[in-house]
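What Swiss-Prot annotates here:
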COMPBIAS  152-220  compositional bias 'Acidic residues'
DOMAIN    4-95  domain 'CARD'
LIPID     Gly2  N-myristoyl glycine
MOD_RES   Thr149  phosphothreonine
REGION    20-70  region 'Essential for interaction with BAX'
REGION    111-220  region 'Disordered'
Amino acid sequence: MGNVQERPSETIDRERKRLVETLQADSGLLLDALVARGVLTGPEYEALDALPDAERRVRRLLLLVQSKGEAACQELLRCAQQTVRMPDPAWDWQHVGPGYRNRSYDPSCPGHWTPEAPSSGTTCPELPRASEQEEVGGPEGSEALQPRTPEEPELEAEATEGDEPDLEQEMNPEQEPEPEPEPEPEPEPEPEPEPEPEPEPEPEPEPEPDFQEEDESEDS
């Protein structure tokens, strides 16, 4: 007798513990994949997604899928393998191979946004192309294309008014500037008068001798 191939439901029974432990972290992504493949219906998805416990959510999911038949179990195992291993390196650009960036876009589902091909050559109409910038003359040309603000003419007018006296001096270099008037000297303060010395007291006159008394003495 040859080896009999194991059915998907038997694989789930054998690896139930490992599946529950492995799929707890990514149970939400697994539910999304099963809904997209038509394994789960909308009400079933909402009922499982509302469970707060991740372990309980995965256990209920395995039982529900096993009740749907071998085809549903096979889709579950395929989605679980893709969810856990993540073979597409789109989320890790450090390990992207050389051909991944140049791969062609896969046909999208109807109703979804389709990215434009890299070779379309469409550019934003508001941004100038590199060739247009070279024709203008690089950054200098871009400055020349910028509109001037109304404040610039006023600044230029003030600058021309301030330069007129300098131009007149350059045109008449022989004209000497007028000498500035010398400041008048301040008057010197008058010296204060010296105080007059006090007059010395006059000596009292000596009394004159009484000549009459002398005459009387001589007569006697």
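Every residue, even glycine, has its Cβ placed from backbone N, Cα and C.
As a whole-number mean, the pLDDT of the domain 'CARD' (4-95) in this prediction is 81. In terms of DSSP secondary structure, the domain 'CARD' (4-95) contains 67 helix, 0 strand, 25 coil.
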